[in-house]
Structure formats: structure tokens, C-alpha cells
Amino acid sequence: MDKRAMLGAIGLAFGLMAWPFGASAKEKSMVWNEQWKTPSFVSGSLLKGEDAPEELVYRYLDQEKNTFQLGGQARERLSLIGKQTDELGHTVMRFEQRYRGIPVYGAVLVAHVNDGELSSLSGTLIPNLDKRTLKTEAAISIQQAEMIAKQDVADAVTKERPAAEEGKPTRLVIYPDGETPRLAYEVNVRFLTPVPGNWIYMIDAADGKVLNKWNQMDEAKPGGGQPVAGTSTVGVGRGVLGDQKYINTTYSSYYGYYYLQDNTRGSGIFTYDGRNRTVLPGSLWADVDNQFFASYDAAAVDAHYYAGVVYDYYKNVHGRLSYDGSNAAIRSTVHYGRGYNNAFWNGSQMVYGDGDGQTFLPFSGGIDVVGHELTHAVTDYTAGLVYQNESGAINEAMSDIFGTLVEFYANRNPDWEIGEDIYTPGIAGDALRSMSDPAKYGDPDHYSKRYTGTQDNGGVHTNSGIINKAAYLLSQGGVHYGVSVTGIGRDKMGKIFYRALVYYLTPTSNFSQLRAACVQAAADLYGSTSQEVNSVKQAFNAVGVY
């Protein structure tokens, strides 16, 4: 069994270099995308003015048209898709590149404006689309594209026609297929049986060819499930590892049951019984006496309790209200399938298998596993990292990082291992992955050792070890490959990676862009000449990411 694939880019394969930018190299810096010959991260005093924040972005891009090569006025090439004010008072905007009204897949630009000054741009835009022979009318229909994707799933993934669920609507995009952008359909095929999947297909709109495909289990959409009316109460039960926990429940006098429904956090935390079937969400967990000590209860106790801990961590440490930032309800189903050796975020809720008792215990028994999977939901609502190649490895690393930080926050025998509480119960000291020593379980701890094949969506669970090691070194310090890193502690490390994830990364960010994002996040939080900034640079140097 491949441990690395248990917890669950685009072929842009970015190579990046840092260069001084503009007349004042001391004030401005840039990470350069070698493939597209355009910037992917620019920071410094870029442009000042009294215009609306988005107008500053348009003006700057127009002034630097020879650098960004958009081929026209920026306001005609970019669509503002998000605007917010962060905790530092910065106006943070997300723009999506368009070509004749059609979205360019993965081409998202994040801009920061502070006190009337444009201070950073993050994200890769595809240049000179007007100079290419790009079609904007499809030769095949949406229905044909969807049939092609579903048939490929049946042929290559499930070996039978899956029972498809509603996924994201199919849409036309300009897809950067290597160095040749093409008009394509983005098709989402989502299913639970015979095995769970959430596949993204890029189908050539001219001839129906499959340009790319990957399993992105973590695409988000609003969840379902109905709460019960009743009185908030506190129950008690025993978790997977035998520890006692107090849990928030709801008593319904109408039904005469206590339900695993926590009304004290956001829009609620709900835990369901899958009854060893593969239908979601199952039944809202009910109990007659508010005491959950049966062995069958254990997985539900942990799923419910740990979901509350994750909610509290993001709220109390980062000021984030649930995974979407707007207090979305958190729903979990336990006892999914029979002996199912995995856990996943299916786009609307958490799903936990019971494990087979030998390789895995019930997955909800690992607090870092719960934190890991719910962080995928946070990523979906922020950077939206494509679950393939380096962007996918960053996606996985973010979940490992914050799953571990949740474990330390709860102070439940915390360590830098992933999944150690529920993996191979008969083997002491074993885990799925290690942040402190990725090589312990066969994962790379330096960019020179990265996996470059196509398995595991391009090594998302493998190459995450490189970023995990950088995060560990940033927190704890140490010497790695001859590079000395001064540790700044877990709290500051978490703040930096959170800010990079939420306010700087884009769907196709790679490791070099992550480095630039973390450097900028540290500068925002602690100052550009701070030890924290130096430590970020040291940590990424130590793992060979520049």
C-alpha cells in the first residue's frame, strides 16, 4: 500500500527566477516565469494614487504592458472576481484573465493595495493571446464533452459507468496546454461508487481530445443536510483511542433523542452515521441518553469533537470563521463503506472510513487527519490550488502544516508526524508522513530529490515533503544540507503560511511562487528587514527552493 496516496497542475511546469524590476531595484523585486516570460510575483512600491484600488492595478499593468504582454487594455483582459480587506488593512483583490470573455484557466492575479499604494501582484497571466490563432467557438457541444469525460472515467478509473453526482457546471475555458493555449471544456465528474472520485477533465473543444485530467477530491460546493430543532446540551463519550471527551449536542423533545449537532459554532457542526454504506450524508447521529460510550460511537465522537477543535483553531488563531470564512456549517459522515481505508473532503462535507483495523483505525481518530482534510476546504475557498504537480503538492503541504498546528493547538500528544494515531495500530512509532524528516517515509526533503513522474497526480503527496520540511525548519530551526535556519516558532510559522495561502497564492502557484508569497507575508507581518523574513529565506534555501 502506498501511504503517500492515503490522504487526499496543470502542465504549466513553471521555472522561475528572481530579478530586480524597474528603475529602483531596491524597492521592487520580481519572480520571473521562464516559460511565459512574464512576472509571477512582483512586490515593492509599484504605483501610488487616489484611484480605486482596482484602477491602480489596471493603470500599473497598462504602464508595464511590455512586461505583462496582455495585448490590450488591462480592464478588458481582467475580471475582478473578489475583493476584501485583510487583517492588516490591505485591500486584496483577485482578478481572472479573460480572452474575448472566456476565462483563462488558472490565470488568476492577486493584488494588494495599502494606503493608496499598489504593493504586490501575485499570479501568472498568459501573454500575447491575441497573437495566437485561438478559436472562441466550440466544435463539440457541452453534452458531448461531458460524455467523453464520463466514458473516460468508466474506461480508465472505475472500469464501469459510475453513479455520477452533481458537480461543477461544465464551462468553456482557454486552457494553457503546455505552451499552446486551446479552447477547452472544463468538465467535473463527481461520484462515490464504485470508488469516490472528483475528476476534473480538460476536453479540447475542437475535437474532443482529453488534454488533461486529475482527481481533485476537494472541490467545494455548498453542503446539504437538515438540522433538528431543539435545546443545546453537552454529552460525553469515548473516542477511537479510548479517551473521554465532552461534546456539544442538541436535544429534540419532539423526537426524544440527543443529536450530534453543535449549535455553538458558526452555522453548526453536524455528524452523520453512514451505516457502512456509500450514501451521503447518512443519518444525523442520534442517541437516547447523551452518552456515547459504545465502540460504534467512537468514530462519531472524534469526528464531532475534532471538527469543533479545527473550527476553534482557525477562529482563535487566524480570525477565520469556518472553512469558507463565513461560518459555513461543518458536516462529517463516519462509518463510510466497509473497512474503507481513507478519509476525504468531497466538496460539501468530510467523509471518514473505518479503516480495516490493521492498516488503519477509523480515520476520525487522528486530530491531524481531521485538520488536514478540513484545511483542503480552506484551500478551496482561498487559493484554489489545482491538485496536480507543484500546486497540488502545496495543497497537500498546507493541509499537513495546519493539521499539525491544530494538533499542537489542542495539545493532544502533538508531534510533527502525520496520521500517527490511526496508522498501523500494531506498529509503534509509524506514521503516514513526517514533517521533521520526510525521508523517513521515502519522501523528498530537497527540491533536487523531487518526484517528476505522473503517479499520484504528479507526486502531490510525495513532493509535499519538500514544503513540509521548509515549514518545520522555519518553526524549529536547524541545519539542512549545510544551510542554517533560525527557527521562529510554530505560531509565527503558521501565521506566515496562512497569509501566503489566503492572500497571495493562486490556483497554479508553484514552489518558487510559494517562497515569494511567504517572504512577502513575513514582511507584511513583521517587517521587511525582520528575522522572520530572513528565516523564511533560509528555510526555502535549505530545501533548494528559490
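Every residue, even glycine, has its Cβ placed from backbone N, Cα and C.
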Site-mate of ASP415, GLU417, GLU420 for Ca(2+) 2 in Swiss-Prot, selected among ASP368, ASP380, ASP445, ASP456: ASP368
Same Zn(2+) site per Swiss-Prot - residue from GLU390, GLU396 joining HIS372, HIS376: GLU396
ASN413 (Ca(2+) 3 binding site) versus ASP289 (Ca(2+) 1 binding site) - Cα distance in angstrom: 30
Inter-residue C-alpha distance, HIS376 (Zn(2+) binding site) and TYR423 (Ca(2+) 4 binding site) (nearest angstrom): 20
Among GLN291, GLU396, THR424, ASP430, which are recorded as binding-site residues, the nearest neighbour of ASP415 (Ca(2+) 2 binding site) by Cα: ASP430
Ca(2+) 1 site shell beyond ASP287, ASP289, GLN291, criterion: Cβ within 8 Å of Cβ centroid: GLY235, TYR258, VAL288, ASN290, PHE292, PHE293
Candidate binding-site residues GLN291, GLU396, GLU417, pick with smallest Cα gap to TYR423 (Ca(2+) 4 binding site): GLU417
Near-site residues: Ca(2+) 3, ref ASN413, ASP415, GLU420, CB cutoff 8 A to centroid: GLU407, PRO414, GLU417, ASP421, ALA431
DSSP state at HIS372 (Zn(2+) binding site), helix/strand/coil: helix
